[in-house]
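*Asks:* Handing you a structure now.
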């Protein structure tokens, strides 16, 4: 059975099944030996299908190829190879129905299904009927199993999507109580508008089990780190902190000036605070863009990282946040950085002198190390997200792809990022940590100094975007990177260090992040050219001054955006 208990938490007889089905990742734990009938029925139950629903199951072998499991022999062979190869989990894909003919794909099956870059997958951990998801909890919550608070650096809470029970990541497999919403066989997701009622087990309401357990209701105690960040934000913004403004600030406090950026889910408008005259950037997100729990987590993560970044010289911080009276939009009021981004700068310069690239990359290293020291993987370093302030220093922005709660040695597995900057370990479907940020820095440094990407895709026939992306990923994984001969020996060496396809040998990837920082600082490319103490204090003169005349000077922003009126329409975020 796919039921975990205390004894199974360290059992070598368990096999972990990472099952992908219709955009979800369902993690189950199976006891060995595993019978075919039990295997199929457990998958049907996890996928919320009836027991008579035909399904096709395929596992991914060590070469990345899908292999059908249709008999006990094939199941036993898959598990045997799993153990023989020392793999930690069996990767399984489930499809409804069976192929019309042997050898033909199932409905919904194509090559992109097996490439984990197709989309973000929702991951559920199935234990005793619970469907646990990793959650960043806004307030301090007690773990149902151990009664300790789920809080602190590297915190990781799991919450059942059905009964809302909260536990530590380390405790989720030890939960013995069955899920209250799963007793009837196939569970049904509650309506978003339905009131949440604490489930009962054995006649006892769950939030009363244990020593004043608060697994189903968030504590009124505010987060300790929020208080610290609010104080820092208040000092930076002249007394208006993110927390206090949460209740006081609204869109009526700002004059919307000009559109300065737009993405797939939001647009950014330059705005003036009516009372103080200060100029900010307001990131406006339509709430319909995040209708489910996963998307809400993404927005919460971005807000959290904005708050964490609020006292750092090379990160864009948060002034305040609020929602519209109609509850249709969210507004992040953030620092306005007038020098534009590195992408716009590179389009005009084509490529940068090594001294310029050295300065920008050094400040980026300081910013990334700060995020890593706070348990955050950035995951979206690219030219567009590196802004230049009025003095010429850089600031990283856009934290929507960040992953929080990553402690020393911790890893994650979500496929995300901008294709040209995605690290090989992500493309290989491996778990990864901070290493992916240092790979992306290598790509960015190459672009700055060579004036082009190390992975230019040329000569493609046809107009199918997917084929181009697949080819790009193949190049990243397999092609040797050629360093332009025009670059110095030191520049070539650091590019080779950051662009090592093996993360265990990549520059910056020492598991001790402080030692990793020292290794980067002492690299020949930086060693005699950067005074890191002065750099961290913004005391090094930038090699380029954007020469902005005022905080309303938009010469460094694309006119495609700035010519657009800053109106909020029903059809526009």
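Cβ from N, Cα, C; glycine included.
Automatic, uncurated: that is what TrEMBL annotation is.
Quick paste of what TrEMBL says about this protein:
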DOMAIN    14-97  domain 'PB1'
DOMAIN    129-179  domain 'Phorbol-ester/DAG-type'
DOMAIN    254-526  domain 'Protein kinase'
BINDING   260, 261, 262, 263, 264, 265, 266, 267, 268, 283, 287  ATP binding site
ACT_SITE  380  active site, proton acceptor
DOMAIN    528-573  domain 'AGC-kinase C-terminal'
*Asks:* Output, ordered by sequence, the same-chain residues six or more apart from residue 262 (ATP binding site) with a CB under 8 Å from its CB, or 'none'.
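*Replies:* When sequence neighbours closer than 6 are ignored, residue 262 (ATP binding site) has 268, 561 within Cβ distance under 8 Å.
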*Asks:* For residue 260 (ATP binding site), what is the tally of other C-beta atoms lying within 10 angstroms of its C-beta?
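*Replies:* Other Cβ atoms within 10 Å of residue 260 (ATP binding site): 24.
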*Asks:* 10 Å Cβ neighbour count around residue 268 (ATP binding site)?
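*Replies:* The Cβ of residue 268 (ATP binding site) has 22 Cβ neighbours within 10 Å.
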*Asks:* Residue 287 (ATP binding site) to residue 380 (active site, proton acceptor): how many Å between their Cα atoms?
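*Replies:* Between the Cα atoms of residue 287 (ATP binding site) and residue 380 (active site, proton acceptor), the distance comes to 22 Å.
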*Asks:* Hey, how far is the residue listed as 'active site, proton acceptor' from residue 260 (ATP binding site), Cα to Cα, in Å?
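*Replies:* Counting only the Cα atoms, the answer is 20 Å.
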*Asks:* Of 266, 287, which of the binding-site residues has the most Cβ neighbours inside 10 Å?
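*Replies:* Counting Cβ neighbours within 10 Å, the top one is 266.
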*Asks:* For the domain 'AGC-kinase C-terminal' (528-573), DSSP counts of helix, strand and coil?
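*Replies:* Counting residues per DSSP class in the domain 'AGC-kinase C-terminal' (528-573), I get 9 helix, 0 strand, 37 coil.
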*Asks:* Going by DSSP, give the three-state secondary structure for residue 287 (ATP binding site).
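*Replies:* DSSP call for residue 287 (ATP binding site): helix.
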